[in-house]
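See below for the structure under consideration.
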Amino acid sequence: MNFIVLSMIYVIYTFDLPGIQQKVYSEGEQIAVLINEMTSDSTQLPYDYYDLDICKPKSTENQNQNIGSMILGTLTQQSKYQIYMNYEIMDQIVCVKDFTQTEQNNLKWFIDHDYRVNMQIDDLPILSRDYLNNTIIGVPLGVRNINQYSFYNHYNFLIEIYNTTKSEINQTFSINSIIVEFESKCMDSSEIDSGINCPINQMMNITYSVKYLMTNSSNRWSAYLNIVTDSDQQWVSISITFTITLFLTFLIAWFIRFTIKRDVLKFEALPQEESDGLIDQMGWKQISRDVFRPPSGILFLSVLIGTGIQFTIMTICVFFFSSIGFLYSAHTGNLATFVIVIYAFTGSLNGFYSSKFYKYFKGEYWLLCTLGSNLAFPVMALFVFGIENIALMFEESSSGLDFKSGITFIALQLGIQTPLNLLGSFIGFKLESPKNPCKYGQIAQEIPQQPFYMDYFYSCLIGGLICFISVGLEISQVMQLIWKNSYYEFFVSLFFTAILLIIISAEVSILTVYLLLQNQNHRWWWKAFFVPFTSGVYLFIYSIQYYLDSLQFTRFSTILYYFGTMYMVSLCLGLICGTVGFLASHIFVKKIYSMIKLD
């Protein structure tokens, strides 16, 4: 018990969400400038900026370190830049750098692969503008002109601030955004140089200037929300997504309601002696003795349902808190921390529902069910991300998981997730299972010949496609922004899109189950899960198409990292949709069989 309490205290201590509230600075107060890792769209391999040994301070202790940043390997370190609130600085020298031949070769490799330095001021990432005047994250390291390389050794910090006091005495300010303009300056010239006369093999002064821009707006994230490549196009995509999803939702809901109401009214209106003539039309009534017969593979199905419920609750919580401004995609470490903490504390739901359904299916090996719900997904995730981590270690990338981060992840799993999962499993096995409207017999009824469209292949092909299409445009936008190292702040639309996806997954599964029952097929349990689960398969297929069309990864480690990550994301999406479909179908079947009189 003490171990559980200590684990929870550690999680709460490291659960830091900076950037939500604006910090207020007095005039002249020092503002910390932090260095993140270097990133590139073409390799997706982050590296430590201080591997180049440029103006490295004596202490580079990792700042703002939480569980998410530790697991992701995100580096946030101190820098030598000294900035003071509302004090302008001109051409201040940070250090003098004389590049060795090895450092020159490394720097040229980074420039060739379009690496950018990511920095933070007041928990806000700095922005810059490329040669097309597009706003980008971070600052490019340099530029290549034919065979001549130039290093950007001067930064102009343009800091937008807001006056938080009305009095002219003891004024305080808050920071809204930071834009950095970059230049290449030689030691003997104060003017911007094209780089041809300022090669990186010479000694350079690393300098910076600071200017402040006063604004009347206190919107902290206004500049960052405009980073989206094409905001108008994104809103058009969101509108189309909502229109398609709402249309499919109402169409399927209307069909299900109309059909079931027709069947029930028609059956109840006939005398008992005439009801036998409607066997073909009322096929779902005829299999009442088998419809609740437990399926095969009850242990595996119970574990999948419990894990899917855990992911569903976790996803809804993350999207909800992001939509109300509690989380921002700019803080990847904070997002990851929130996801990990919610996942750990929802372990009790996984254990509870896994054991509850396993007992409902008359399962006997309760210990295997508990272990499966607790370890199935973590072991798979550890295997996939472990392979990715080995590849990143060979690349000497900064995102590789170190020993401390690994111990933290294991402690989180064993200290919080496992005890809560065991507690939920214990409660689930102790509670009495719900009763079904009708009992099943000892011998299963023979299933007649099924139409071709009820085959697993066609059902999953069509049902999964409907689920995926409902959010396809939204997913394409998210994919573009995630793998292009940009931000995604349309969490309000993403939250409602997720809700609509849950609804349409439930309806697709219910429609499939109804057609099965109408054709007197009582083996509906697994198909109720797998039909919407196929949406995750479509996502992985789309990720392959997206890689071929939009990404230019050439390094094996990057390709492995991309497809490993997309495999886990696709699996999570499939589990969420499949679980929702299964639960909705289960409620639907119990409802329709409780609406009619059974012999």
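Cβ atoms are placed via backbone N, Cα and C, with glycine included.
TrEMBL annotations:
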- 235-256: transmembrane segment (TRANSMEM)
- 298-328: transmembrane segment (TRANSMEM)
- 334-353: transmembrane segment (TRANSMEM)
- 365-387: transmembrane segment (TRANSMEM)
- 407-431: transmembrane segment (TRANSMEM)
- 452-471: transmembrane segment (TRANSMEM)
- 491-517: transmembrane segment (TRANSMEM)
- 529-548: transmembrane segment (TRANSMEM)
- 560-589: transmembrane segment (TRANSMEM)
Among 334-353, 365-387, 407-431, 452-471, 560-589, stretch most in contact with the transmembrane segment (491-517) (C-beta, under 8 angstroms): 560-589
Residues from the same chain, set at least six apart from the ends of the transmembrane segment (365-387), whose C-beta lies under 8 A from its own: 299-300, 302-303, 306-307, 347, 350-351, 354-355, 358-359, 401, 413, 417-418, 421-422, 425, 429, 560, 564, 567-568, 571
Contact call for the transmembrane segment (298-328) against the transmembrane segment (560-589), three or more Cβ pairs under 8 Å: yes
Tertiary contacts of the transmembrane segment (560-589) (same chain, 6+ residues out, Cβ under 8 Å): 44-45, 291-292, 304-305, 307-309, 311-312, 315, 380-381, 384-385, 387-388, 391-392, 467, 483, 501-502, 505-510, 512-514, 517, 524-525, 528-537, 539-540, 543-544, 547, 551, 553
